[in-house]
Each structure stands twice: as structure tokens, then as C-alpha cells.
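Peer 1: Below are the C-alpha cells for one structure; questions will follow.
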Amino acid sequence: MLLTSLSRVLFRRRLSVVLLVAVGLAASYALYLEARRNEDLRVREDVKRRADTRHILIRETMDGYVEGLHSLRNLTGALDLIDADKFQLIARDTMERHPGFHALQWVPCPAAPDTSATASHSLTYLPVQFNQASPAAPSATAAFSGYDYITSPLARYFENARHTRRLVVTPVAELPALTGEKSVLMIYPVFPGKNSASATAPCAGFVVGVFRVSTLFGESWKNFAGQIADVMFLDATPGTPASDRQMFYWAADNGPATTRALTEAEFRAGSWYRELPLQLGGRVWLLLHRAKDGWFERQRTNFPTIILVGGVLFTLVCAAYIRGAVRRAALVEKEVHARTAELRQTQALLEEDIQRREEAENLLRSSQQQLHGLMENSPNAIFVKDPEGRYLSVNRRYAELHARQREDFLGRSDFDVFPPETAARMRMSDARVISTGQPVELEDTFATAAGTHTSIVHKFPIIDEDGRVHGLCGIATEISERKRAEAEIRENRRQLESILGQLPGMAFRMVQDGQLVPVYISRGALGLTGHSARDFLEKVVALHEIIHPEDRERARNAIATAVKKRRSYEIEYRIVDRTGRIKWVLDRGQGVYNEDGRLLFIEGLAIDITQRKDAESEKLIVERRLLEGQKLESIGVLAGGIAHDFNNLLTGIIGNANLAGLELPKTSPVHQNLKHIENASLRAAELCQQMLAYAGKGRFVIQRIELGPLVESTVPLLRASISKKATLKFQLQPDLPATMADPTQMRQIVMNLVINASESLGEHDGVITLSTSLVRPPAGFFEGSVLTPPEPAADFLQLEVTDTGAGMTPDTVSKIFDPFFTTKFAGRGLGLAAVQGIIRSHHGGLKVRSAPGRGSTFTLFFPAASAVPIDPTPVRRATATPWKQQGRALIIDDEDHVLKVTASLLQSCGMATELARDGYEGIDLFRAHPNDFDLVVLDMTMPRLSGEETLQLLREIKPDVRVLFMSGYNRREVIASLGGTGELGFIQKPFTLDTLREQIQSMLS
């Protein structure tokens, strides 16, 4: 009976071994399948994350294109007139900020046939008016030259953009202008700025972004390469033909598909894929992402196989162990009866020992309860392990942190609970504590079903009373929230850095530590100053060092005042960049304070305004020159008018004096008085000539002269006119070319300048230097000159007068050419003003350099004449005896006293006269008897009908009529240009009887 019972027990034990092997193998295979499934899920999640990241990059790339096109639309809409230069300027700027455009175009919208049809009329043509090609595709300029979208299948999308007033994206199409590859257009309608708010505002045109499909969709791979996933771009917009549905295919290994791409069905039939939509400009695009072929298989590890093999081996080992245990159990049962007696003997001893143990256990249980209470209520995760790494105890927080039950840890190692990588990392730190007996602190990150957690783990050894390590304890403080906050801060900082990097100029944050010390500088510092942001942050160069020395104190005071008053500041100052170039910057900033009102730092932005400052300076220069020109013109007109009227008066005075002399006996003492009247009138006439010279209407006898000999000929007169304390020096360059000028007026210039220089010496000894030379002025040579030659010339003769006198301030220099301005008690009136008028009339230039205590230099420039000499005009000499002429003269003048005195003078020469008080009256008299008049004396300046117009009518009556013009202005050039068959002469008012007689004799003899 005992053997039968023992056999049954052995059979049951053997059966349990078989069942254990079966269960172990099944469990090993189940763990293998679960590990493989988890691994595939991890790989699939990685592909999903990569697909989402790529989708965001593509979305940001598209948003960048839309933003660039939107900015271009706004800029063109704000322009009153869109021309090629303006469009290309802003288009190039858009391409620089958003590379990837194949071309940017301006397509004007045809005007409506009438205002009522503005919104409803159809587009009849869509020409590409302006086309800015990408630098990478310059051929696009020629490709779109003369292209009209109305001929393309995309014309209806322009109509759609005009009606919706929004961005419209076209489907993929092959444009005739860009053969060989399909393209996509982004069309933005442009409405004038003042009408853009009206729903019926007329469309001014379209800004069009042209993209090659490979560039449009492949741009995101340039900066962020991806070699894991294949991506297929589909156009899922309703109504899209099946042939146009597949737009682009990106292969992870090769980039844009150059061979036959997969079809949509083949792509979807492959491995697991992720489908993400993208909407833009009325189009709906689908992006299919999937891992490239073989990638899933390459991501698989041997860990599931290790689990399977380990499970099988563990099962076999356990089965062998149990099988041996079964055998030993039979032997043990035989010996049990023998040992029972012995056990009973020792039972009493054991009961005594048990009592002592119970007392010790009670003490231990009390300590354990205290320790358990501390562990369970601690906010930190706590665990205890033996030297082999098996968990002896874990608290509730540790189990919750790893999303497991406490029982899952007890008696098991890290390899039984965590993935191999995590378990190996934990085991390594445990081994260091056990081997060294020293605590360690580390940061550990691990993934659970609830998410990823990061903790600071402090591990320390458990040492017994003999000093041996028999375990370790670990305390983990979770810092996941802190890590996420740090990651968010880093991302926010990255975004802020990106935004600030796109701002024009340099953004900064500074703390005040004696000087302003930067703690942040944006990337724009390099373009503004030539120094990188690192140079400023590492104190290679200081911010205050690049500020122009003349502006440092002003900038420092402005910032200090703003900080003191706790308000923002705005200041313009100059900086010196790394190359030494001076730039103007506009600095705007403000202080940031804490709750106690203490300044934390100063933030601001400095932008380059050099171009604006240059434009403002140029505008001031132009306005100043314009005002000077208007002032000179006004004064010139006034001076010329006064001189002309005064000459008419002097004509009557001199003429009547001459006539009175004819009526007196030759021995009459009154002749002397009349001569004085004539001389005084001639001196007054000279003053009029100076006024006319200032007005640019002086009487000049232009001929070919040489400056050197002309200056030398004035030396005796100069020495007699200047102060005895002045020394004349000459530096006259020989063999200079000639210039075309009036020698009398040129001598007048030399006299006026030398006398002015002599008077500047005062009572002191000094030197006056006259020099001549030939200059060939480069571009910009005459900038800042008092006078600039109106016409360019290759060579100019330079006449320079320099003195060592008192010099002048800039304010005095600006006034010396004003009429009657003087710094001396006895002024000479029109001296330098006449010099300016003479130079202007000779088409010359003038520069003045002077400073108080350093003397003055007047530099004159006259165009060099050609090498061909001009024969001087022969001068007819007056006869020694009075000349009498029989004939009849018609005198036409609007001044009665000029008419009467001229008639009396002609009558004294033996001529009969007929008077007319304007051109119309003279024409009527001449038309009645044209052949009765041998000469017509005609005033140039008259109301109603001028002298030139009267001459034209006289010649219509009698083409060969002789006409003697008279005027207070110098009109020789005008008369020379009149031509005709009749003889023309000219006499300048005022004139004497001898001058008139000589002129008549030359014309009628």
C-alpha cells in the first residue's frame, strides 16, 4: 500500500515536470511575440514622428513662400506706379529671404471696358510684364519674355484669384515657357492700397510665384535631410484629373525620383504608411509617408530571440531541476522517518530559540513598520537591492513611477523588469556602488506606458556591522516637469533667437556694470558692425568702442536719462564698423525693472539708417543749391533790369550833352562842363556794365586769349593798385592752351580779386600769389563749388589767386558774392558779385577756400579752347573829320527821351528821321513807304512787340532792310543768330554821338 501511494506521487510529480516544460515553452514564445510586437510599435512610432516632423517642415516651407508672396503683394499694392526697377528690387529681396522661387512675376490685370463692369468683366489677356528670375535659374527671364497666361490652361485660376481676392494655387501643369518639368503657380491678386478695403475695387494685377515641382516640394530636404521615409505628394483637390493626382515622389535614398516612381496604389500596398493633409490656396494635397524598403527589418533587434532562447533554456533548466528533485524526494521520504525522532529531540531547543527570535522579530517588526511608514509616505521613489541586484523592497512611489505593481519588482532584477538598455545602465551604476562602497548620484531617463520620466537618483551602499556591503538603497527624485520646462525654455529661446535674427539691425540686451555690458546680441550684429555677436559677448570688442568718439557722450547721456526717468529712448548716432566705415544707426530701447524698481537690464534694437541720412544730406545740398540759384537769378534779374533802365536814362543824358556841344561855339567854356557830364555818365555806364556782368548779360567781345600773357599785361596796373605791404608772386605755367573770353572782363576779374586780396592783408605784410595751370577734373571734382561749369569739358584752364591775409569764416564766404556785401568800411559794391557774373557768362567754375588766420584762395576754371585759331573781328576806325550822310531813318523805341535824343543825333549826322513808339507803329510807317527808309534804328526790348519780332515783320516787307539794334543789354549773340540778307548792326546803350556816327558810317558806306 505504501509503495502504491509512493508510485502515484512519483507519477504526479513527473507529470508536473512535463506540464512545466509545456507551459514554459508556451510562455517563452508568447514573450517572444510580445517583444517583437512592442519593437514593431516602437519603430512605427519613430516613422510616425519623422513623418510629422517632415510634414511640419514642408508646411513651414509653404508658409514661407506664402509670406514672401504676401509681402510682395502688399508692397506692389502700396506703389502708385509699378515699374521694372521697383518690382525687381522687392522681388530680389523676397527671393533672398525665401529661396526656392523659380521666378517672381508681375502680371497686370486688363482694365474694365467701363467702370460698371469692373468686377464682372472677363480677363482678355494676362501678359508677364515684369519677370525676376531666380539666380539659380537665369534662363527663366528669357523663357517668360512675352508670355501671356491667357493662352495657358491656368488662365481660369487668375480669374478665380481676382474674384475671391485671395491666394490661389494652381494644379501641377507643364508651361510652354518651361518645358521639361511640371510647375506650380501661386497667384496673389493685387488691389490698390486705397481701394483694397472695397469689395468692388478694381484688380491692379497679380504677383505670381513660379515653382518647379521638384524645388517647391524638395526645398525642405535641403536644410533637414531625411533618409528614412519615402514621401508621395498627391493632389486630392476635388475635380483633379487622375493623371494629375500624383505630383511628386521623394525617395529616401535618391531624393526626387528620376526613374519611374511608384503609383499611389503601389505606395499604399507597401509597408505601413502615414497620410497627412496639407491645404494651400484652395488646393488639398495629401502627403503619404512610409519607411523605405527594408528599413523596418533593419531596425529589429535580437532581443525577442534572446527572450525566446532564454525562456526555453530556463524552462529546460527548471525541468531538469524538478526532475532531480523528484528523485531526491523519494530518498528524502525514506530518511524522514529516521530523522523524525531526532527532530523531536531538538524541538525543545528550537522552541526556546523561537521564543528569543520572536522577541527579536517584534523589535525588528517595529523598526520595519517605522521604515515602511517613511518609505510609503515619501514623495521620492525608494528601492533596496541585494548585492546581486535583486529588489528587496520598493515603495509605492517607485512602483507608480514605473507604472507597475510592487510585486513586479520584489525578488527580481532590473533585467527582469526593464528593457535591456535601461537594465544595463542601472546595473552599471549599482555595480559601482557595491564595488567602491561610495554613494553615486546620476540623472536617469526611462520610458513607461505613462510616458517618459527623468529622475535624479541617489544610490548609497548598505553596510553591516562588519563593514561589508550587503546591499544598496536608492532614492529617486522625479524632475520630468523641470526637464519639460527647461526644454520649453530652450525652444522658446530658439524661436526668439530665430525671430530676432530676422529683424533688420541688431537686437540686444545689456546690463549696466559701469559700462553697458551685453548679455545677448542677435546675429544682425555682423551685418551692422562687422563684428559677430560672439565678439561682443566674449568682450573682444565693446559696444561703446564702436560708437563714433564724437557721439559717445551724447549716446551715453541719452540712455542714462531714459533709465533715470524710467522711459524708453530713441537716439541716432554714428558707429565705426570693423572695416572703418562710418554708419548712422537708429537705437531704440528701454529699461526692464523688477518689482522693487531696480534696473535689471536694457533691451533694444539698433538699425542701419545710413542710406536715409545720406539721402537727407543730399536733399539739403540740393535745396541749398536751388535756393542759391533762385537768389542769384532774382538778384540778377533785378540788377539787369536796373542797369537796362539806367542805360536808357544815360543815353538821354549823353546824347543831349553831345547835342548841346554841337550848338555851342568851340571856344565856349561850357564844353568843359559838358565833357564832365559825359565822363560822369560813362562812369555810370561802367557801373551798369558791372551790374549786367553780375546778371550774366554784360557786353563781351569774345576772342581767343592766353591766360599767362593776359595776367602779365595787368602787372603794372596791379602794382599801382595794391598796398605797398603786399608782395606779388607769379607761378604762370607756360604753353597753356587758349580759352575763349573777353580780355577786358578777364582783366577786370584779375584786378578785383587782387585788390580784394590786398585789402585782406590790412596793415600787415603779406604775399599775393597768382598761378595758372591746366587741369583735367575727375568725376565729382566740382562738388561743393561756388559755381559749377554748366557744360562738361575735357580740360579747364585754372587761374588761382592766393593771399596770406586774415581769411574768412564759412558764414562770410557764403555772403561775399552778394551785391554790395563788404567787411570793410569803404566797400567796393559789386566787385566779387561782378566776378561771379563774368565767370558764369564765360561758362566757367569757381571754388573758394578760406579760414580765419590762414588766408584765402580763389580758384577759377575756364574751358580750354580748341586748337584752331579764330580770326579777330576787324575793327573799323572812326574818320578824323565829322561824317555826313544823306538819307532817311526810322527810329522805333518805347522810351520818348531815347526817341528824341536819337533822332537829334541822327539829324546832326545829316539824316532825316521818322519816329515810332512801338513795333506795331513802326511796321505801319515802314509798310507805307518801305523804299524811303535807308536805315531802321530798332530797340531790342519793347512791350507788345519785341525787337526780334519787329525785325521779322520788317523783312517780310523788305528782306534786305538795314537794321541797327540798340539795347541796354548785350545782345550781340542774339543778333548774330538772326542772319538774313539785310545788314544788321548793334550799338550798346548808352552811346555817344561819335559811336553812333561810326556805326552808321560802317552800315551805310
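Think of each number as a place in line: the chain as shown, counted from 1.
Even glycines carry a Cβ here, placed using N, Cα and C.
Sharing the record's features from TrEMBL:
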| type | residues | note |
| --- | --- | --- |
| DOMAIN | 125-217 | domain 'CHASE' |
| TRANSMEM | 303-322 | transmembrane segment |
| COILED | 343-377 | coiled coil |
| DOMAIN | 367-437 | domain 'PAS' |
| DOMAIN | 440-491 | domain 'PAC' |
| COILED | 475-502 | coiled coil |
| DOMAIN | 492-566 | domain 'PAS' |
| DOMAIN | 569-621 | domain 'PAC' |
| DOMAIN | 641-866 | domain 'Histidine kinase' |
| DOMAIN | 888-1004 | domain 'Response regulatory' |
| MOD_RES | ASP939 | 4-aspartylphosphate |
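Please situate the listed features within the shown structure.
Peer 2: Across the domain 'CHASE' (125-217), the DSSP tally of helix, strand and coil residues reads 23 helix, 25 strand, 45 coil.
Residues 13, 16-17, 20-21, 23-25, 27-29, 31-33, 35-36, 39, 419-420 of the same chain lie 6+ residues outside the transmembrane segment (303-322) yet bring a C-beta within less than 8 angstroms of a C-beta in it.
Beyond the coiled coil (343-377), the same-chain residues lying 6 or more positions past its ends with a Cβ under 8 Å from any Cβ of the stretch are 393, 395-396.
Mean pLDDT across the domain 'PAS' (367-437) comes to 85 in this model.
Counting residues of the domain 'PAC' (440-491) by DSSP class, helix then strand then coil, yields 12 helix, 32 strand, 8 coil.
Mapped onto DSSP helix, strand and coil, the domain 'PAC' (569-621) counts 12 helix, 30 strand, 11 coil.
Residue counts for the domain 'Response regulatory' (888-1004) under DSSP (helix as H, G, I; strand as E, B; rest coil) come to 56 helix, 26 strand, 35 coil.
Around ASP939 (4-aspartylphosphate), taking its Cβ as the centre, 25 other Cβ atoms fall within 10 Å, counting all chains.
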Peer 1: According to DSSP, how is the domain 'PAS' (367-437) divided among helix, strand and coil residues?
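Peer 2: Its residues divide into 41 helix, 10 strand, 20 coil.
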Peer 1: Run through the domain 'PAS' (492-566) and tell me, per DSSP, how many residues are helix, strand and coil.
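Peer 2: Computed counts for the domain 'PAS' (492-566) are 43 helix, 16 strand, 16 coil.
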